Each structure stands twice: as C-alpha cells, then as structure tokens.
Amino acid sequence: MSVQHGSILTSQTQAGPFAGLATRLFGGNLRRADWIAFALLAPTLIFFSIGVLYPLFETIRVSFLDWTGLSQPKPAGFSNYIKLFNDANFWNALRVTLTWTLACTGISVFIGWSVALISGLAPKQTAPFRVAIFAAYGISETASGLMWLGILQPDFGLLNGVLRIVGLEGWASPWLGEPSTAIWGVVAAYVWTQAGLPLLTCYAAIQAIPKSQIEAAHMDGATHFQILRYIMAPLSLPGVRIAIFINLLNSLKAFDMIHILTAGGPIRSTETVGYFMYQESVVYFKQGYGAASTVVLLLAVIVCSIPLILDKASESK
Amino acid sequence: MGACYENIEFGICARNCRYDICGGTAFAADKELVIFNWLGGSERDLIIALEEGFTAKYPDYEIKDINPAAGGDDPRSGIRSAMLSGEQFDLLLNTWPSFEKELVDADLIRPIDAAWEQYGWSSALNDSWRNLATYHGKTYGAYFIAGNRSGVWYRPDTLAKAGIAGEPTQWKDFLSSFSALKEIGMLPVSIGARSWAQTEWFENALLRTAGPAFAKELSEHKVAWTDDRVKETFRNLRDMLEADCCAEPGAMLSSHWTDAADAVLKNKKAGFMLIGSWANQRAKNEYSLTPVKDYSFMQFPVIKPEYGNAMSVDGKNFLVMKQAKNPEGAELFIDFVLSKEGAAIIAEQNLATPSAHVDPSSYDPIVRKYAQILPLVDVFFVLDDLLPAELSGEFRVGLQKFLRDPSDANIDAVTAALEAKASELYQ
C-alpha cells in the first residue's frame, strides 16, 4: 500500500499537477477540473495583474518617454538609460547603495544570528531580549527614524549627550551632517529595525535542530562553545541564508529611514538608487528618467533574488 | 448648462454675465468653486478664512477645498500627482514662478488679462506684481500674499547684551558684530543647511553683490553660473564664514531653518538668522513672543551701496485652471481676495498683501515694517523658486559643498557644476 502511494506521489511530482494543461489549453480541450483551477486562481491572477504586472509594464513603458507629468509625453528611445549611465549622481547612488546594502545586510544578519545562537544555548533566559529585538522590527521605519533623529542630533542628541557625560566629548559629532558619518548613522538606525528578522529565522533554524544531537554532544563532553561552533552554527545556516536574502531585498528597497534621517544628504552621501529614483520621479518629476532608474533597481532586485529562487526550487525537488 | 459655459469666452464676461446669458438662479447648482489649497499651518488658516469671507459675501457659492494628503518636502509633487490622477479644480494656489511657467507651457492654466481689465485689478496690484505672472505677453496669476525673504531675524535683548548698538545694516558692520556675540558665548549666525535654507544666504548676498537685474539674468541662464559676479558672491559669503560666523559645517548640514529659529529666537544661543517672513508666525504662535519687543528683523546688510535697495520676496497667487468648471467663479474669488475685504482678512492673519487696498494700520508691527519697505525697493522673486526643480536641487547641494569648503578651488567646482546642470536644462 505504502509503495503504491509512493509511486502515485512520485509520478505526480515528476509530471506536475497540470501535466498536459498547455496541450489541452491550446487544443481547446480543457477539462472541468482545469476550469475549476482557473476559477480558483482567477482572483489572485487579477489582483497580481492589477497590482504588479500593470505597474511593471507601465514603468518600463514610461522609461522610454520624456515626460514631466504635465506636458505631453514624447518618445525618448533609450536616451533615459544612456543619460542614466552617464549621470555622476546615479553612479554615486549605485556606490552608496552597494555600501548601504552590504552594511545593512551584513550587520543585521550578524547581530540576529549571534543573538539567535546565544539564545539557542539559553532559550528561557534570553526570551525578553529576543522579544525586545524583534519588537523593533515591528515598529514603523518612520517612527524609528524620528527616534534615531533624536539620538543623532548634534546639539541635544542622546548619543552626543552620553559621550559628553562619559568624558568623550571629542568624539561627539554632527553624525548626520558629515558625509563620512551620515551613511553609518542611517545604517545603525536601519540595522536596529532589521535585526529582528534574522534573529527570528536563525532562531527557528536552531529550534529545528534535533535535541538528541545536542544531548549527544553534551554526553561526549562538548563545551557550550563547541556545541555552538560545530552544531548550532552550521545547522542554522538555512535560516541565515533566508535572512540574508530578505534583508538584502529590504535594504535595496529602503526609503523611509533615509528620508527621515538625511533625505539623501548631506551632499548626496546617503542617496541610494531607491532615493535617487524618488528624487527624479517625485521631486523633479522627470517621469521617464525616474522610471529608467526604477527599472535598473528592479533588475538589481531580481538578480539578488535569483539565488533564493533557485535555492527554493532545488529544495522543492 | 455646460454648453452655455463653453459658449462663454473666458475672461470677457462681466462679473454676473452668466446670469444674463443663461438665466438667473438656474446656475445655483453650478456655483461650486474647487480650490486646490496645499498650504499648511497658519497660511492654510488664511486661505480658509478667505474662503469663508467669500462665501459670506457670495452666499450662493460653495467652496470645496482640496488639500493633498502628501507631497513630501516639495508640494509641487503633490500637485502634479493630483493632476495626473485627474483631480478637477478651478483654482490652484501657486508660489513657484518656474512651476507656473511649466503650467503655461503645458497649456494647463488660463490667461486672466480680460478679467484683470474687467475687474480693474491694476488698482490693487502694480505692474511689477503683474509682470511676475506674465508669460509670452499674457498674465496668468494674481499675487495676493507677499513675503520678505531678506529679513535677518534677531532678538533685541541679545544685541543689547552683546553691546551691539542698533542693527548692523552694512556688511562690514555685520561681520564685525560677530566678535561681540562670541564674547557673550553666542554663535553669531545660525544656518540650517540640511535642505534648502542655505540658499537664502546666497540669494541675498547675490542681490547685494550683483543686483536684481543680474539675478534675473542668472535665473534665466542668460549669464553663466561661472560668471565672476557669482563667484564674488561666494567670496563675500566666505568672508562671513572666515569671520567665524557659524557652527561647524556638519552641524549646519544636519539642521533645518526651524533649528536656527529655535537657536536665535527661542533659546538665545545664536545672534542672527535669515529666513522668510513666516518666522513671524513661528515666533508669535510657537514661542509666544511679542513682536518688536522680543524679536525683530533687519534687511540683509548692504554689501555694495548701488544694490542696497534690493529685496528678495516671495509671493502666492491663484491660477485659474484650463479645466476649470467655474472660471467665472474663480475670477470672482480672485477679485474678492484682492479687494478691501480680502486684504483685511490677510492682514488679520499677520501676512502682508501686495494689494493696495490693504489698510497698513491693521498689520502687526513686524508685517507693517516690511510692508512699508515693499513699495520702496527693487523686488526680486526668490531665486530658488525661479529655477527648474532639478537645478534648484543642484543649487542646494552646491551650497552645502561650499559651506564645507569655501576655497577658491571649490567655488570654481561648485559654479562649474551649476553651470553644467543649467546648460543641460535650459537647452
């Protein structure tokens, strides 16, 4: 019996649940089950088309126009893309995006993973900290941004105030006013909001490790550090991988925090491609040019997503 | 009824012509006037008060006030978004001549010359105000609020404490007043350069260094941003920085004009700040200060005597949309705003109007001070609002770069970058 079930399952997985659907669809020979499947999928497909596909194709179309939103749009061919790649401000935005994305992803995943590993050793004792860190992930970026604005203010900010109290007045700085430090000020604020997700995914991966493995290691005389180093760390890597991809995509799309803290300044030192896109499309209303930068950002997001999609596809096989 | 409207050539009708042509109160249902009012705070209160005044005088009218929910730092994006999404309105409030020109070029607003003559608005607004809203020989807007953008704000008690007798009206005196302020532990000048307020300093220094005619040519890119008079303006500002006027660049680049206002007018930590006349509202409403007694302003110090009479101003006008369903009502509203009743409402809200129908005695002392100067000076509309938005963005960043490094080499680099952007945009 079990062998028979297994064979049915195998044959369905290999051929796919919609095996022959394309042939039936184009041959005008749809079955009743096919119609039901389409009917069930229809709401999703309709909303996906309205909410994702239409704006996507419209953005691509607009990227080939010269349009301020007021005047009549004029065809622009590839000129927006050519201009984009010759625009020093866009290259600056790409450089800032690279720094921003790597820093935000690397630091937030590192913090989340580290806390998850420590929490794996002492789940009960660390529960309040996990809740506190994850709670920050649930706070809106705007609210967090305003809070961090207060922390990083040059005159009456909390950070400079603490530095002055502990005798490190020389270290006090207008963090968000100096191009060299502004990006790190915004990264710190963003990491604070984002570290909760890696903590969650990594901790879930650690929880999935069979307890018998950890008990066996204990019985073999392994120290806490050895358990952490040789069992928990490698076995929690699937959670780390998911956290990296999600944080990477979130960082690429980040806007609110940058807008609140620096508005891309000073002197464009925190202007990511996402913010550049906003400036061009919404502030300068160069719709075509802004759309071209949106398409480039979209391509970057897709490229970053491919490994995760491939990874998920191989897992499902 | 719609056909009737279409048959009326806009702007030629007399005030109540539609009654004559189409018949009395049959139009009552069409007496809705839709106003796109993106203002906030006390200025929004003023528009509401004007709308209430209008409907009190013309009870047949009903006003729908549209206030965009979002628009970021620049309300123009909110206006554009509303237009793109098909929002219908009769009147648009505007403050940017560059945006007005865009609307004219896109054929989205109507000329109001016929209404101007019909209602006799020249008795309210002189030609310089009319010229500000004239494009290709046609007038498109009527200014009803005027603001002083050359006001350097201070507290009299701060100057007295520093032993500064009287307002330093000359540039040299202004720079030398810094040492007295520093001696009492104050920052001489507070500049909030995080976003745009740094441009106020450049624009006023430009007016005082090269005059309004040159500034106009620069705004139209008839002279280059690399012109030596632009560089001379930067060098004059450098004198101010070298006189140790300000906080370190990072502190300037991370603060807004509101922080500067707090430092000068509220916390008494700095001596002077330069910002538009809305500082008056902030001082009165948020700091509960008494005008003149607790705070005041002086005009930007004179750098070259031949340009000592120039004044940077801003203003707000109403534009009648091409798509307006009720253009006659829109004109009637403009007429009300410029009238004695409208001017009285504006004065009551502590704002100045360029309308000659205002009674100056109804102004508060601060508004009266700059309203009295207004007819006597060469006015020039604030440069940042005359520039295309993209050049304005480059202008703001360029000034941030200058504040960090006011060397000759950097002045050359900043002006070259501005010229490159202007050349691209004014093609």
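Including glycine, each Cβ sits where the backbone N, Cα and C put it.
As given in TrEMBL:
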type	residues	note
TRANSMEM	A:35-57	transmembrane segment
DOMAIN	A:94-310	domain 'ABC transmembrane type-1'
TRANSMEM	A:98-119	transmembrane segment
TRANSMEM	A:131-151	transmembrane segment
TRANSMEM	A:182-206	transmembrane segment
TRANSMEM	A:227-249	transmembrane segment
TRANSMEM	A:289-310	transmembrane segment
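Nonlocal intrachain contacts for the transmembrane segment (A:289-310), taken as residues 6+ away from its ends with a CB within less than 8 angstroms of a stretch CB, comprise 56, 59-60, 62-63, 65, 80-81, 83-84, 90, 93, 97, 241-242, 245, 248-249, 252-253, 273-274, 276-282. Counting only same-chain residues 6+ beyond the ends of the transmembrane segment (A:182-206), those with a CB under 8 A from a CB of the stretch are 96, 99-100, 103-104, 107-109, 111-113, 115-117, 119-120, 130, 133-139, 141, 144-145, 148, 151-152, 175-176, 232, 235-240, 242-244, 246-247, 250-251, 254, 257-258, 261-262, 265-266, 269-270.
Distant neighbours of the transmembrane segment (A:131-151): 112, 115, 157-159, 176, 185, 188-190, 192-197, 199-200, 254, 256-257, 259-261; these residues of the same chain sit at least 6 beyond its ends, with a Cβ under 8 Å from one of its Cβ atoms.
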